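A.B. asks: One structure, as structure tokens, below. Some questions next.
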Amino acid sequence: MPPPAPPTELVPSERAVVLLSCVLSALGSGLLVATHALWPDLRSRARRLLLFLSLADLLSAASYFYGVLQDFTGPSWDCVLQGALSTFANTSSFFWTVAIALYLYLSIVRATRGPRAGHLLWTFHVVSWGVPLAITVAAVTLKKIGYDASDVSVGWCWIDLAAEDRVLWMLLTGKLWELLAYVTLPVLYLLIRKHINRAHEALSEYRPILSEAHRLQHHSSMVDKKLVLIPLIFICLRVWSTVRFVLTLCGSPAVQAPVLVVLHGIGNTFQGGANCIMFVLCTRVVRTRLLALCCCRPLQPAAESRAGWPPRPATTSSTGDSQGPGWTPRELPST
């Protein structure tokens, strides 16, 4: 790797934009946590996973906010502390994002239910909190976290660019998991989308009532769009940090381009805001309840019914388990 380039200078306008992104992300994550606390009947397993992702994004936004506000110019104790918190939260966010996709794939496509699903959630906790914590503790203990001249960040601290094995630690503390997520998320959501489309086609043969078939098609279409948007939004937000990482490895002066710096800052800090848009503002059942709460009016049962999913036709097996096309609406946090 070439020697580090001169520090990337952040102008006040760039800092303001990234700070605003941090605030919006924190508000979005907070709103997701609030909706989980307010309405117990919406606490599906998928939304519980979304809750833990929101907590990781909230910590990430807060630590990034402090880093951008300070705009570190050299190594210090709070630089290391901020770098450790953002490393842990950001890496955990990657793991929880993939965990949600994996859970949806296993529960919808592979029909994982009951105790197995519960054990899966515990596994997600161990991996999504434990692995980032172990990596962060190792990085702090070995003094790998420190000042990075904003060449692989936007004001905050991450991996010390003076470390000889900085590339290895950049991969371990974020980039490796980010690159794996670029591949894993589209594949899993594509498989889920194909399965739901096949299930919808199979169900449509048994829908003699036109209005009911139309309603099912509408909801299926909404899910279909969101299953495409979830990995697409993740990649669009995160790709700019990957671009600057590659440019830093190449020693290119383009790493300091103002447009790239701003896009990197927004992409790394706005994940909580993007999740809020997808799973609160663009989710009818949650949006309807939120509007009713803000306007201090009771929720209309008819609106609640329209906001939800049509019931799934099911048959009963000899063991009493419900059998269907292999997916249920409550398993999707984005409906």
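Note: Cβ is positioned from N, Cα and C throughout, glycine not excepted.
Straight from TrEMBL, here's the annotation block:
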DOMAIN    14-283  domain 'G-protein coupled receptors family 2 profile 2'
TRANSMEM  16-37  transmembrane segment
DOMAIN    28-236  domain 'G-protein coupled receptors family 1 profile'
TRANSMEM  49-67  transmembrane segment
TRANSMEM  87-108  transmembrane segment
TRANSMEM  120-142  transmembrane segment
TRANSMEM  168-192  transmembrane segment
TRANSMEM  227-247  transmembrane segment
TRANSMEM  259-281  transmembrane segment
REGION    303-335  region 'Disordered'
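Mind running through what each feature is packed against?
C.D. replies: Within the same chain, residues 43, 47-48, 50-51, 54-55, 57-58, 60-62, 64-65, 68-69, 154-155, 262, 265-266, 269-277, 279-280, 286, 289-290 sit at least 6 positions outside the transmembrane segment (16-37) and bring their C-beta atoms closer than 8 Å to a C-beta of that stretch.
Listed by sequence, the residues of this chain that lie at least six past the ends of the transmembrane segment (49-67) yet keep a Cβ under 8 A from its Cβ atoms are 18-19, 22-23, 25-26, 28-30, 32-33, 36, 78-79, 82-83, 85-86, 88-90, 92-93, 96-97, 99-100, 103, 121, 124-125, 128, 153, 155-157, 268-269, 271-272, 275, 279, 333.
Long-range contacts of the transmembrane segment (120-142) within the same chain, counting only residues at least 6 positions beyond its ends with a Cβ under 8 Å from a Cβ of the stretch, are 45, 48-49, 52, 56, 80, 84, 87-89, 91-92, 95-96, 99, 103, 106, 112, 159, 169, 172-173.
Listed as Cβ neighbours of the transmembrane segment (168-192) (distance under 8 Å, sequence separation of 6 or more from its ends, same chain) are residues 87, 90-91, 94-95, 97-98, 101-102, 104-105, 108-109, 135-136, 139, 144-145, 152, 158-159, 227-228, 230-231, 234-235, 238-239, 241-242, 245.
Beyond the transmembrane segment (227-247), the same-chain residues lying 6 or more positions past its ends with a Cβ under 8 Å from any Cβ of the stretch are 97, 101, 151-152, 170, 175, 178-179, 181-182, 185-186, 189, 192-193, 196, 254-255, 260-261, 263-264, 266-268, 270-271, 274, 278, 334.
When Cβ-Cβ distances below 8 Å are used as the criterion, the transmembrane segment (259-281) is approached by residues 8, 10, 14, 17-18, 21-22, 24-29, 31-32, 35, 47, 50, 53-54, 57-58, 60-61, 64-65, 68, 90, 93, 150, 153-155, 226, 229-230, 233-234, 236-241, 243-244, 247, 287, 290, 333-334 of the same chain, each at least six residues removed from its ends.
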